[in-house]
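If you check TrEMBL, you get these features:
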type     : residues : note
TRANSMEM : 44-67    : transmembrane segment
DOMAIN   : 54-204   : domain 'Phosphoethanolamine transferase N-terminal'
TRANSMEM : 74-96    : transmembrane segment
TRANSMEM : 116-137  : transmembrane segment
TRANSMEM : 149-171  : transmembrane segment
DOMAIN   : 233-521  : domain 'Sulfatase N-terminal'
Amino acid sequence: MPALRPQRPEIVALVLSLLFVVLFNLPLWQRVLGIVSPVTGHSVWMLGLTFVLLAAFFNLALLLFAWPWIFKPVATVLLLTSAAATYFMQQYGVLIDMNMVQNVFQTDPAEVRDLITGRMLASILLLGVLPALWLWKTPIHYRPAWRELLVRIVAFFVASMMLAGVALAGYQEFASLFRNHRDLRYLLTPNNYIQATSSYLRQHTATPDVIQPFATDARKMSFATLPHKKRVLVLVVGETARADRFALNGYARNTNPELSKIPGLINFSDVSSCGTETAVSLPCMLSGMTRADYDAKVAKKRENLLDIVQRSGYGVLWRNNNSGCKGTCLRMPIEDMAHLETPGLCNKEECGDEILLQGLPEKLAAAKGDMLIVLHQKGSHGPAYYKRYPKEFEVFKPVCRTSELQKCSEQEIGNAFDNTILYTDHFLARTIALLQQQKDVDSAMVYLSDHGESLGENNLYLHGTPYFMAPEAQYKVPMLMWFSDGYQKRNAVNTQCLSAKKTGSYSHDNLFHSVLGLLDISTTEYRKPLDVFADCRQPRPKD
């Protein structure tokens, strides 16, 4: 491409600001049009004001960087990152906040591969690379320094006055619009990802945290230390499972053919997650805080449930088939099973969840005492649902065989997702069967998913929608449990009592205190009202 006609920096900044308004904020315009419909004279006036407001705002921001040596590099980065952000908002209906940026930073290469598609690359080429190419081929003619500064001040003043004038003209409408529709700020590109990335980096690049002790008075109650069989609680952390796709919860399809046949299995049908993404839910459920008072900064800087259990005398083991434990298991023994090369369980890209059971009987046999074992699933992680299960579990057909979900029908996406639930059913049933075979161990299993998933309902896909506006599909999660006869007797658990409570409303808030109760750990941080099992255990002798 030959060099284009030279342009002044303020002209280039104006053109780029219009590109940002028109190309990179299509999701915002679609949302605003949905809010102001039907279109009237007043709504057209509001849309016009919004257009001018955004153009003036972006123009002001770009003028700050419109200097030699920095203008083109900064603008290029903004064009390419905005193109990527716009693609994901358009393709999956996601909103970009700090939690979504955290998901990006904490994802693994396999998940990245699932997201890179031809459509994504084409979108970035069209929206990002081509405008960047135009920018670099356009010579920018700068004036002498003092004249450039003077012109820049005038241009900045004009843009500021335009911004202020439009804001005042539509103040009441703008205030009402953004107050009543808080999601709009997560659609405003590039402000959304710049602000979110800045918040994330501030939170994660500060001085290394000194981990604060928590529940330092925790200890096994005296009767729990008497000679007995080894006691093992297996906590299965599910991934992206929806409660309403479990047949155990009334789903019309038989997605739980194996679990439904297990005597004594207790399923809770109304459970809510702490967040709509793993990076929030996983630290939250182990933190001892409720969703209402959860503070990610506090959780990051202090011990969690795993530390408390370990300090109380239990062995703790984290087995991982996911992208990581989001910082919750860093002080525990960790076995990363996700990158093994076990024939029949793993391929070149990933392993099925049954890899989490490999060698587990030997671990239990070698254990010196009681244990808490956490199995972190790959589960139903999207968008490549068809990769999450072995071929023999592809029962519901046809399935969506691409990460570009908008190319598939809602039925095809749902079929692939339901097959992942079918495989989770098999994995959990196998886990229980393995525990039943350990005759020298009193065992229990608790399964709880981290969050749910949108499958195209209302053109929304995946997860991570801010909680205040997330659909139930993203925060209603399955929870179930199983106890061996020995565990029931030793812990005085009345399973009939628990079964009577299975239709109650619970959440991730309950996990921390319920696990402490199941393991007979005493601490002042324990809150009996949040222990699901408290009313279904016989009173124990007091120390």
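Just so it is clear, glycine is given a Cβ too, placed from its N, Cα and C backbone atoms.
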Inset, instruction - May I ask for the residues of the chain that lie six or more residues beyond the transmembrane segment (44-67) and have a Cβ under 8 Å from a Cβ within it? - result: 9-10, 12-14, 16-18, 20-21, 25, 32-33, 36, 74-75, 142, 152, 155-156, 159-160, 162-163, 166-167, 169-170, 173-174, 177, 188
Inset, instruction - Please give the sequence-distant neighbours of the transmembrane segment (149-171): residues at least 6 beyond its ends with Cβ less than 8 Å from one of its Cβ atoms. - result: 8-10, 46, 49-50, 52-53, 56-57, 59-60, 63, 66, 143
Inset, instruction - Give me the mean pLDDT over the domain 'Sulfatase N-terminal' (233-521), rounded to a whole number. - result: 95
